[in-house]
């Protein structure tokens, strides 16, 4: 039978189908966790549910797109659905990271002016980045401005990745300042630890998916081009699992429990100037 995909991409339909099933299972588990902890569910958890749904739909459309290209040579319209769900998924991902990083729903029920500005900058930039992605995906190096679009997409993506780090840093600094006055050292130390861990996870995810995946795509032999896609999807799934576990709805979340026995140790840790990023 004819295979219209290159040797390095012929495994993509199976790869995307496998990961779409994993995300659907993940979504089912997340809905169950939210249902069993209804009292602790915040608005951010609903956004996180939407993020999982659109990620799964995005992968389903990617699988169908590559399948039809492999069999017939054309995507039969699945590429349009893929780009739509890709756009929604990317915007939702950056929005969720920013809202979690600012502590929205966890630390405070509102956004400050500077945090709103970050959202207003990142979302339009992601729209621009997705337009560039569509142009790159639907054309090739033969068009005049293909290299320019590539460079523009890369630049916008890096700007967005840098921008979403600031709200997390602001939350850590704010928590550190309030911990000196409100007298709940153990609770504040737990929150500081949580947000610092989230900061490290986000940095690791962005570094791997932007730098390591690009390196894999560049150095891999043509028969193993699918390995970079597998690595990117594996890293994304790991990031989603860690983020959703850290900020899951729970009536007795271990990060937010105030243990009187740990107050003294927490106060010492908070006074330690080494507790920084």
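Glycine is treated like the rest: Cβ placed from N, Cα and C.
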Match it up for me: which of 118-137, 178-197 does TrEMBL list as transmembrane segment?
118-137
In the same chain, who gets a Cβ under 8 Å from the transmembrane segment (15-35) while lying at least 6 residues past its ends?
41, 45, 48-49, 52-53, 55-56, 59-60, 62-63, 66, 226, 229-230, 233, 237, 240-241, 244, 248-249
Restricting to the same chain and to residues at least six past its boundaries, which positions have a Cβ under 8 Å from a Cβ of the transmembrane segment (44-60)?
16-17, 19-20, 23-24, 26-27, 30-31, 34, 82, 85-86, 88-89, 92-93, 95-96, 99-100, 104-106, 233, 236, 240, 244, 247, 249
